[in-house]
Amino acid sequence: MIFKAELVKGMAKTAHPYGCRKEVFNQIEYCKNAKQFNGAKKVLIIGASSGFGLATRISLAFGGTKADTIGVSFETGITNRRTGSAGWYNNIFFKEFAEKEGLIATNFIGDAFSDEIKEIVINYIKKEFGKIDLFVYSVASPRRKDPKTGKTYNSTIKATDETFYGPTIDIEKDELVMTKINSATQEEIEATQKVMGGEDWNEWCRLLLENDCIEKKAMTIAYSYIGSQRTYKIYRGGTIGTAKCHLENTALKINEEWKKNIDGKAFISVNKALVTKASAYIPTFSLYAAVLYKVMKENGVHENCIMQIQRMFSEKIYSGTTLKFDDSGRLRMDDLELREDIQNQVDDLWRKITPENFKILSDYEGYKREFMKLNGFEIDGVNYEENIDIETLKTLEQ
Ligand code: NAI
């Protein structure tokens with residue numbers, strides 16, 4: 001079968017297996033050649049198959065202390081209707097590269113919100129893997145079934161106090177369109193918090209501690225986003241922002257628990273706006289990211305996922321100096337994005353954007369290419385005409 005890119009409503013329906021392999025390889029090469037760090041050696045990452053979670057895993061395994069990793073993710077392999085998600089292949093090929101270097105790389109596919117996967121992972125840590133010294137929670141999910149009540153909650157991306165109007169890029173048609181989204185109901189705000197807030201992270205942390213799975217002085221990190229005025233209504237001031245505030249408050253609670261019990265630390269890293277499977281979905285965010293990419297590239301401060309995470313570990317968390325947090329206890333990896341001169345230039349450009357000129361004025365080309373790369377397409381050195389044998393792909397193990 002020849003794998004072709006197929007986009008529907010801002011989502012990729014297909015992923016190129018060997019494109020994904022090349023992209024994982026490229027990220028590994030970046031980390032090997034970047035500034036190294038002496039950090040965690042035994043790591044659990046929830047949401048490890050793409051975006052920030054995958055970058056975290058690669059950086060820890062190849063850009064520092066050569067960590068053994070457990071990656072939990074929710075991905076699908078080859079079925080009658082689908083040819084495997086990008087994250088499915090990222091897991092497989094990360095494992096291949098890590099094992100070649102003698103590292104443990106264990107993948108668990110399942111619902112991180114469920115009791116079952118927590119039990120499986122904790123048993124594995126206790127019986128085989130050994131205690132962890134870093135736990136990273138990097139889940140972006142549209143829904144969560146609460147195992148205690150059986151109720152399923154759906155997250156929504158909406159403003160909380162008014163109808164939202166904003167420009168959004170239609171990546172399938174390469175068009176800039178206006179979107180109108182009704183204000184969220186109280187139920188939607190609460191449901192989004194259930195999915196993307198801190199409840200599940202807290203539950204993992206509690207169970208890991210109770211089951212003696214954590215080394216003394218270990219750390220746990222979850223990722224958040226703040227962003228600029230341009231995305232405020234739909235992001236920070238919206239349903240997802242409310243959930244992120246809950247996640248950030250949860251960090252303070254977990255920090256107290258971990259400090260008391262293992263002299264450990266819990267904190268949030270506020271990251272930069274980047275194209276990922278999850279963020280491509282957020283109205284207005286795509287245009288903001290395309291404009292931001294243009295400005296940050298012109299100023300020589302652009303970072304993609306892997307660059308940002310490698311910098312986070314090598315220059316902040318494991319730099320050997322005291323970690324600096326903001327007044328709310330958060331690590332700010334969005335420092336470059338929110339620099340005043342960068343935001344002023346974003347604003348200047350934003351005012352000039354129209355549906356006719358957005359491809360020229362913003363870095364839409366770079367934005368879209370990065371989106372395609374997430375799914376293994378448009379990557380140099382990959383033979384996209386190759387007829388790939390599905391039966392061979394089916395034999396690849398997680
Ligand atoms: P992504 O879509 O690239 O990755 C999400 C990960 O979560 C995947 O590994 C997926 O398999 C996993 N996942 C989803 N549902 C799951 C479930 N039920 N059980 C187990 N795993 C599940 O998303 P991205 O953007 O890397 O997001 C990760 C975190 O980073 C999120 O908390 C997000 O809010 C945050 N963040 C993202 C920014 C961006 O611009 N993309 C900026 C700042 C923070």
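The backbone N, Cα and C atoms fix where each Cβ goes, glycine too.
Curation plays no part in TrEMBL annotations; they are all automatic predictions.
Remember, predicted model here, so these are calculated numbers, not experimental data.
According to TrEMBL, the protein carries these features:
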{"type": "ACT_SITE", "residues": "TYR235", "note": "active site, proton donor"}
{"type": "BINDING", "residues": "47-52, 74-75, 111-112, 139-140, LYS244, 274-276", "note": "NAD(+) binding site"}
{"type": "BINDING", "residues": "TYR225", "note": "substrate binding site"}
{"type": "DOMAIN", "residues": "4-78", "note": "domain 'Trans-2-enoyl-CoA reductase-like NAD(P)H binding'"}
{"type": "DOMAIN", "residues": "82-318", "note": "domain 'Trans-2-enoyl-CoA reductase catalytic'"}
{"type": "DOMAIN", "residues": "325-387", "note": "domain 'Enoyl reductase FAD binding'"}
{"type": "SITE", "residues": "GLU75", "note": "site 'Plays an important role in discriminating NADH against NADPH'"}
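Sequence-distant neighbours of GLY47 (NAD(+) binding site): residues of the same chain at least 6 apart with a C-beta under 8 Å from its C-beta are GLY53, VAL72, SER73, ALA112, TYR137, SER138, VAL139, ALA140. Of all the recorded positions given, namely PHE74, TYR225, TYR235, the one with the smallest number of surrounding CB atoms inside 10 A is PHE74. Taking CA atoms as the reference points, LYS244 (NAD(+) binding site) and TYR225 (substrate binding site) are 7 Å apart. If you take the Cα of GLU75 (site 'Plays an important role in discriminating NADH against NADPH') and the Cα of GLY51 (NAD(+) binding site), they are about 13 angstrom apart, rounded to a whole number.
Among the recorded positions SER49, ASP111, TYR235, LYS244, the residues whose Cβ sits under 6 Å from any atom of ligand 1 are SER49, ASP111. For GLY51 (NAD(+) binding site), other Cβ atoms within 10 Å of its Cβ number 24. With a cut-off of 8 Å between CB atoms and residues at least 6 apart in sequence, the same chain places SER286, ALA289, TYR367, GLU370, PHE371, LEU374 near VAL275 (NAD(+) binding site), listed in sequence order. When pLDDT values are averaged over the domain 'Trans-2-enoyl-CoA reductase catalytic' (82-318), the model yields 96. Sequence-distant neighbours of SER49 (NAD(+) binding site) (same chain, 6+ apart, CB under 8 A from its CB) are GLY71, SER73, GLU75, ALA86, GLY87, TRP88, ASN90, ASN91.
Shown for the domain 'Enoyl reductase FAD binding' (325-387): DSSP residue counts in helix, strand and coil, namely 28 helix, 3 strand, 32 coil. Between the C-alpha atoms of TYR225 (substrate binding site) and ASP111 (NAD(+) binding site), the distance comes to 23 Å.
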